[in-house]
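If you check Swiss-Prot, you get these features:
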- Asp57: active site, proton acceptor (ACT_SITE)
- Glu9, Tyr55, Glu63: Mg(2+) binding site (BINDING)
- Arg53, Thr66, Trp420: ATP binding site (BINDING)
Amino acid sequence: MDRRIFGLENEYGVTCTFRGQRRLSPDEVARYLFRRVVSWGRSSNVFLRNGARLYLDVGSHPEYATPECDNVTELVTHDKAGERILEGLLVDAERRLHEEGIAGDVYLFKNNTDSAGNSYGCHENYLVARHGEFSRLADILIPFLVTRQLLCGAGKVLQTPRGAVYCVSQRAEHIWEGVSSATTRSRPIINTRDEPHADAERYRRLHVIVGDSNMSETTMLLKVGATDLVLRMIEAGTVMRDLTLENPIRAIREVSHDITGRRKVRLASGREASALEVQREYYEKAVDFVERRGIRTGTVEQVLELWGRTLDAIEAEDLDRIGTEIDWVMKYKLIERYRAKHNMTMSHPRVAQIDLAYHDIHRRRGLYYLLERKGQATRICNDLKIFEGKSVPPQTTRARLRGDFIRRAQEQRRDFTVDWVHLKLNDQAQRTVLCKDPFRSVDDRVEKLIAGM
């Protein structure tokens, strides 16, 4: 599939610190956060003018699902626009708390674990063709996804009985199955719940829930871009070496606990391979595939260059070569500089604070944004485009139809209901349009519905 629909869903961690007054529960903090949303949307589960969905997920986690995008750079821009929308809600919630005499600071973290050991996710969505064996797709993808954390982990200081260790991935400790239909209880690598949000005879939605949430724009580009290339190879029938893992769940933890990428994991064939070797296999296949197909576009070029350079840098133990582009490396360097300056062990509480503060989405507080201001975080997005993305949907996918419908209905003060595939005016006629094709950004039926308001 040379043109694919992508979507990202990020759940955010919420906390609030209070200066000497009563503490609010996470539920109460979430209510303050969503008060503005509920006041106009009459719900804490809404679709926005940019085509995205914003809602309060299980356990008081705000979740932002990007609109459908058909290119990876636009997807990253819309994910960042979601961050900005939530940052706006955070500032508004703090103001309301202060007006009510509660001196508190609200924090939203784009990470995947809290101090109590709970995990919340970043879910990636890839539209794939319905024909073809899903089990073959999963078999080839799982070794790639287990070792992909070397490219796009967010990094974590893990407290163990033997002291704290720095790991590549936050999510790795919380994955318990390879393929399953659950998302919370057993947490698989690939979720098989079949909700394509599209024509079910033609498409299915690959739902990957193993990845970390990313602060870095370049890490996000690499995560989704490399996965897209692997999917394209599978769809084209590219012959791949059998890299099936003997125990993917053990392997994912082993890979996460080794920042050198050299630790061997057992394959089902009885052989052993390191995460670097597994990734190198997929990378070299991808380079060959792109050359043969003549699809070296700007984005594909960017993805392949960073993918190869990341593997080279880890192999050479020269992390400075990717020190402004890969989340886990950026955070690791930040922590190591701080530890060296203050002569601290990895177990020191200040180190845990840095680990968390990297993911603070408040641009004046968060450590990722401090790096960005200092020119130590490479960017691919444009701030103006991110700002536009808060209210303007992608123009080449179904998100445009949804966004335009919502905008018009709100301007005309009409009551409406939408989801990923339905647009409905709640009037006497109950007019509804079903939009099954996520690639379609122009539709006469929707234009008629909008014109009739």
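Placement of Cβ uses the backbone N, Cα and C atoms for every residue, glycine included.
Structure coloured by features recorded in Swiss-Prot.
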{"residue": "Glu9", "record": "Mg(2+) binding site", "DSSP (3 states)": "strand"}
{"residue": "Arg53", "record": "ATP binding site", "DSSP (3 states)": "strand"}
{"residue": "Glu63", "record": "Mg(2+) binding site", "DSSP (3 states)": "strand"}
{"residue": "Trp420", "record": "ATP binding site", "DSSP (3 states)": "coil"}
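Other Cβ atoms within 10 Å of the Cβ of Arg53 (ATP binding site) number 20 in total over all chains. In this structure the C-alpha atoms belonging to Glu9 (Mg(2+) binding site) and Asp57 (active site, proton acceptor) are separated by 11 Å. On a Cα basis, Tyr55 (Mg(2+) binding site) lies 12 Å away from Thr66 (ATP binding site).
Proximity to Glu63 (Mg(2+) binding site), defined by a C-alpha to C-alpha distance within 10 angstroms, is shown by the following recorded positions from Arg53, Asp57, Trp420: Arg53, Asp57. Trp420 (ATP binding site) is surrounded by 21 other CB atoms, counting those within 10 A of its CB over all protein chains shown. In sequence order, Ser44, Asn45, Val46, Pro62, Glu63 make up the list of same-chain residues 6 or more apart from Tyr55 (Mg(2+) binding site) whose Cβ falls under 8 Å from its Cβ.
In this structure the C-alpha atoms belonging to Trp420 (ATP binding site) and Asp57 (active site, proton acceptor) are separated by 17 Å. Note: Asp57 (active site, proton acceptor) has non-local neighbours Glu11, Glu63, Tyr120, i.e. same-chain residues 6+ apart with C-beta under 8 A of its own C-beta.
Our reading of the ATP binding annotation (Arg53, Thr66, Trp420) yields a largest Cα to Cα distance of 11 angstrom. Shown in sequence order, Gly7, Glu9, Phe47, Gly51, Ala52, Ala65, Pro67, Glu68, Ala399 are the same-chain residues outside Arg53, Thr66, Trp420 whose Cβ sits within 8 Å of the Cβ centre of the ATP site. Apart from Glu9, Tyr55, Glu63, the residues listed for Mg(2+), the same chain places the Cβ atoms of Asn10, Glu11, Arg53, Leu54, Asp57, His61, Pro62, Tyr64, Ala65 within 8 Å of the centroid of those Cβ atoms.
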